[in-house]
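> Got a structure here, written out as structure tokens. Questions coming.
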Ligand SMILES: NC(=O)C1=CN([C@@H]2O[C@H](COP(=O)(O)OP(=O)(O)OC[C@H]3O[C@@H](n4cnc5c(N)ncnc54)[C@H](O)[C@@H]3O)[C@@H](O)[C@H]2O)C=CC1
Ligand SMILES: O=C(O)[C@H]1O[C@H](OP(=O)(O)OP(=O)(O)OC[C@H]2O[C@@H](n3ccc(=O)[nH]c3=O)[C@H](O)[C@@H]2O)[C@H](O)[C@@H](O)[C@@H]1O
């Protein structure tokens, strides 16, 4: 295998994972960021994000000398054969991707890139960004390649090292070949395309996943009205090999740092070329509705009015296995409940203390039991497996009300019923006692 000198700009979920994994594959990697505190920690083998296996790879990279951390893109570029750009591309005010940071990095790199180096956009960027990056660089000797990343938070290292596919978009065969060679040891299928196709593949994939979930959540709502059970229905669908089992779990709506922003960005890109894309629009609207349905359900569980009512929240992150709160449906739902006057006690095993950006409308508690204490209803919002093993008899004693709203269908109905609790799931009819209460209300 050829060993390359690699620069990675951005030490976040994608950049740090890319840097640490490429170092573990034998490349010499310099990873740049602008956050001094983060760089200082990383240089001592401390990772700030919760990703299984990442810390070990960083420590190993530092020990073997294959991984270094530096301040700023320019400092990383010296001597690089390939420069990966992994900086944020957040949602701009109009829904389109905001490329300001990417453009800043490209400007910093322009005059310092070694001759013949390849710049790789790994950030999620709209169609045309590879071409625009090449224009901004203004370097005939430097090729730009689009190489979108498909890792998931919570399994970033595992996904990076075992990808379903590697997409390499470039008009320059030598540049595409160099990027493919970097990944050679992974033995993954490599799809070579033009840059526009590579860029749209990333948005199409995330938007398809989001649309699939909105579809499932809509079917779950039908199940509630029709006496069916979504967990049977999704299995019955998933056994069809054309459909498959994955990404069919109903929930409180999809969230995270990417699905919401990428669906909106694709919609804006479509509008810009005069396409309406109604199915994607419907997926986004359905997701907002899904969160509203949870709020409706909580309101119903506490007897119609949330003002002054204490509600316990189990889980705040956008999914289990991550400490990331960005665009978490749990926080959107919490905000709505707080706006109606509910007092919120929250617990999340991934969030031991308040973090910047977290709403101050939730009192963060030390345990699930503290979050349940005196609550009129308990809402499970993130599917942390440990919630299943809580002492539900004890929770029943601590709660002021009887209802547990399980937005992930995680808990064992038998255990909850034995504890005397009404277990309200997504995509199953409401518990009998609640349905009765409601009909006489
Ligand atoms: N988080 C995820 O699971 C995935 C994210 N993506 C895409 O990858 C890109 C990066 O996302 P994340 O890694 O989640 O972001 P992040 O927010 O976790 O990390 C970004 C890093 O870039 C650094 N940074 C900001 N400006 C910089 C500059 N001028 N020079 C050097 N470093 C700078 C920040 O300090 C931060 O450490 C986005 O386009 C995202 O859509 C793609 C696949 C998966
Ligand atoms: O571009 C990105 O950032 C990444 O976005 C997602 O990864 P991630 O955001 O880590 O989260 P997912 O595991 O996809 O979950 C997204 C949301 O869908 C929800 N979900 C997922 C699966 C499911 O069956 N049901 C369900 O409600 C999750 O709870 C979560 O809120 C994609 O899965 C990755 O391939 C992609 O690289």
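Glycine is treated like the rest: Cβ placed from N, Cα and C.
Feature annotation from TrEMBL assigns NAD(+) binding site to 33, 38, 89, 124, 153, 261, 326. Residues annotated as substrate binding site in TrEMBL: 150, 151, 152, 153, 202, 247, 248, 249, 250, 251, 255, 319. If you look up TrEMBL, you'll see 258 marked as active site, nucleophile. Residues or ranges marked as domain 'UDP-glucose/GDP-mannose dehydrogenase C-terminal' in TrEMBL: 312-413.
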> Which binding-site residues out of 38, 150, 152, 255 lie by ligand 2, going by a Cβ under 6 Å?
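What lies within reach of ligand 2, judged by Cβ under 6 Å, is 150, 152, 255.
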> Based on DSSP, tally up the residues of the domain 'UDP-glucose/GDP-mannose dehydrogenase C-terminal' (312-413) by helix, strand and coil.
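When I sort the residues of the domain 'UDP-glucose/GDP-mannose dehydrogenase C-terminal' (312-413) into the three classes, I find 29 helix, 19 strand, 54 coil.
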> Determine the binding-site residues, out of 33, 153, 202, 248, 261, lying near ligand 1 in the sense that the CB is under 6 Å from one of its atoms, and give them in sequence order.
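Once distances to ligand 1 are taken from each Cβ, 33, 153 fall under 6 Å.
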> Applying a 10 Å Cβ distance cut-off over all chains shown, what neighbour count does residue 250 (substrate binding site) have?
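There are 25 such Cβ atoms around residue 250 (substrate binding site).
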> Fewest other C-beta atoms within 10 angstroms of its own C-beta: which of the binding-site residues 38, 152, 202 fits that?
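Each of the binding-site residues 38, 152, 202 was scored by Cβ atoms within 10 Å; lowest is 152.
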> Given the recorded positions 202, 248, 255, 258, which lie within 10 A of residue 124 (NAD(+) binding site) by CA-CA distance?
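Of everything listed, what lies within 10 Å of residue 124 (NAD(+) binding site) (Cα to Cα) is 202, 258.
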> For the domain 'UDP-glucose/GDP-mannose dehydrogenase C-terminal' (312-413), provide the mean pLDDT of the predicted model.
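That region's mean pLDDT is 95.
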> Work out the three-state DSSP category of residue 152 (substrate binding site).
coil
> Taking each of 33, 38, 153, 326 in turn, which of these binding-site residues have a Cα lying within 10 angstroms of the Cα of residue 255 (substrate binding site)?
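The binding-site residues close to residue 255 (substrate binding site) (Cα within 10 Å), listed in sequence order, are 326.
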> If you compare CA-to-CA distances from residue 261 (NAD(+) binding site) to each of the binding-site residues 152, 202, 250, which comes out shortest?
202
> Highest CB neighbour count within 10 A among the binding-site residues 261, 326?
261
> For residue 250 (substrate binding site), what is the secondary structure by DSSP, using just helix, strand and coil?
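Once the DSSP labels are grouped into three classes, residue 250 (substrate binding site) ends up as coil.
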> Reduced to three states, what secondary structure does DSSP give residue 33 (NAD(+) binding site)?
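For residue 33 (NAD(+) binding site) - judged by DSSP and reduced to three states - the answer is strand.
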> Do me a favour and check the Cα-Cα span between residue 152 (substrate binding site) and residue 258 (active site, nucleophile); whole Å is fine.
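Approximately 10 Å lies between the Cα of residue 152 (substrate binding site) and that of residue 258 (active site, nucleophile).
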